[in-house]
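Novice: The structure under discussion is supplied below as structure tokens; questions concerning it will follow.
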């Protein structure tokens with residue numbers, strides 16, 4: 001990849017990527033509130049509501065690894081552009097189904113699943129693309145800005161707007177989501193082509209979309225396709241081996257999986273907890289995510305300062321601790337004000353965690369493997385999230401809505417303390433130094 005031609009400190013292409021993230025993120029935030037509200041209207045059963053959450057999370061488990069391997073082969077700008085266009089179409093279909101009164105739980109699950117399939121490719125491309133747009137020394141600053149913009153858009157502006165739009169007319173928030181994806185796709189067209197460093201077998205034959213083959217060519221294409229599939233499996237395995245052989249990355253992957261498992265166990269039934277236990281209305285439910293986003297802005301903005309003040313290790317494990325403890329407040333003091341304070345604290349922890357751990361992963365994973373290894377993280381994280389959504393629904397159904405909240409509040413802080421030796425400042429700096437050291441000839 002010709003990086004020097006497109007890399008700037010934090011302007012130009014990065015600025016356009018940042019704006020596109022904000023635009024599409026606002027639509028995501030709108031849907032984040034509207035989709036569970038619609039599911040709760042269609043069925044009051046926790047299992048039905050959590051089924052939609054499972055459908056949204058499941059593609060991360062099923063599609064992440066091949067998506068990452070393919071992103072390492074393809075032009076990453078084109079992937080982000082096309083997937084945003086696809087998501088615009090899918091959100092438009094969902095808006096039409098809602099407007100026509102045809103959006104039952106199965107339809108919600110199907111569209112939510114398809115949207116996340118497209119998102120696996122979009123996120124793999126965007127995260128792998130960032131180190132090509134900024135210097136490695138600027139990754140934390142770039143991720144900090146992306147985190148802040150994402151928090152403002154996805155959790156601060158979008159959710160309350162989603163609640164208001166849903167109250168006006170149920171189809172409107174999904175139409176707004178479609179428009180946001182279309183606008184982001186148009187903006188991403190202005191980025192330069194960004195193909196990854198070739199991996200695997202770069203000269204493997206490929207067939208362009210729309211091409212017409214002769215019978216002999218078709219046979220050759222089938223052989224080539226078999227080779228490409230074999231190569232794809234080998235490339236996926238290469239990325240997994242890289243992750244499994246590095247203790248720091250293994251620890252981060254485990255922490256990501258546990259965080260997502262327990263947080264989604266709560267968030268999958270949070271709409272019912274808010275409506276039935278906290279006695280909030282739809283707009284007030286959206287405000288919980290606004291509080292969460294406020295914390296995300298604080299955490300994302302001050303993540304680098306926190307690291308400089310306390311060291312990388314304590315900052316990372318401390319942020320995980322702050323992700324878990326607020327769940328105890330939500331469970332033990334069940335009112336809207338306490339929940340709002342808890343969501344601010346939780347969002348702050350997530351903001352610090354996301355900036356520091358994503359920058360670390362991007363810095364220590366080499367470019368030819370970046371899409372695959374980052375996709376493995378997403379597979380572990382969102383695969384655990386899909387299990388967590390189902391687990392939360394089952395636990396809430398069997399033991400009450402408060403039980404998943406208490407479980408997250410106990411297990412996450414304990415896990416953060418246990419991971420402290422593995423995620424130490426010394427281990428983090430050693431991994432950064434090893435990644436920056438050229439291999440011996």
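A Cβ is built for glycine as well, from the same backbone N, Cα and C atoms used for every other residue.
Predicted, not measured: the structure shown is a model, and the values here were computed from it.
Dumping what TrEMBL says about this protein:
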TRANSMEM  47-67  transmembrane segment
TRANSMEM  88-115  transmembrane segment
DOMAIN    248-441  domain 'Major facilitator superfamily (MFS) profile'
TRANSMEM  251-273  transmembrane segment
TRANSMEM  285-304  transmembrane segment
TRANSMEM  311-331  transmembrane segment
TRANSMEM  337-356  transmembrane segment
TRANSMEM  377-399  transmembrane segment
TRANSMEM  405-423  transmembrane segment
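Surface or core, plus neighbours and distances: that's what I need for these features.
Specialist: Distant neighbours of the transmembrane segment (47-67): 35-36, 39-40, 105, 108-110, 112-113, 115-117, 119-121, 124, 232, 236, 239-240, 264, 267-269, 271-272, 372, 375-376, 378-379, 381-383, 385-386, 388-390, 392-394, 396-397; these residues of the same chain sit at least 6 beyond its ends, with a Cβ under 8 Å from one of its Cβ atoms.
Nonlocal intrachain contacts for the transmembrane segment (88-115), taken as residues 6+ away from its ends with a CB within less than 8 angstroms of a stretch CB, comprise 27, 31, 35, 38-39, 42-43, 48, 51-52, 54-56, 58-59, 170-172, 174-175, 177-182, 185.
Residues belonging to the domain 'Major facilitator superfamily (MFS) profile' (248-441) score a mean pLDDT of 88 in the model.
Tertiary proximity for the transmembrane segment (251-273) is limited to same-chain residues at least six positions away from its ends with a CB under 8 Å from its CB atoms, namely 36-37, 39-40, 44, 46, 49-50, 53-54, 57, 243, 285, 288, 320, 323-324, 327, 330, 353, 357, 360-361, 376-377, 380-393, 395-396, 401-402, 404-405, 407-408, 411-412, 415, 419, 422-423.
With a threshold of 8 Å between CB atoms, the same-chain residues lying at least 6 positions outside the transmembrane segment (377-399) that come near it are 45-47, 49-51, 53-54, 56-61, 64-65, 68, 120, 123-124, 243, 252-254, 256-269, 272-273, 361, 407.
Residues of the same chain lying 6 or more positions beyond the ends of the transmembrane segment (405-423) and with a Cβ under 8 Å from any Cβ of it are 247-248, 251-252, 254-255, 258-259, 262-263, 265-266, 273, 313, 316-318, 320-321, 323-331, 395.
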Novice: What residues in the same chain, six or more past the boundaries of the transmembrane segment (285-304), come closer than 8 Å to it by Cβ-Cβ distance?
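Specialist: Cβ under 8 Å, 6 or more out: 29, 32-33, 37, 140-141, 144-145, 147-148, 150-152, 154-164, 270-271, 274-275, 315, 319, 336, 339-341, 343-356.
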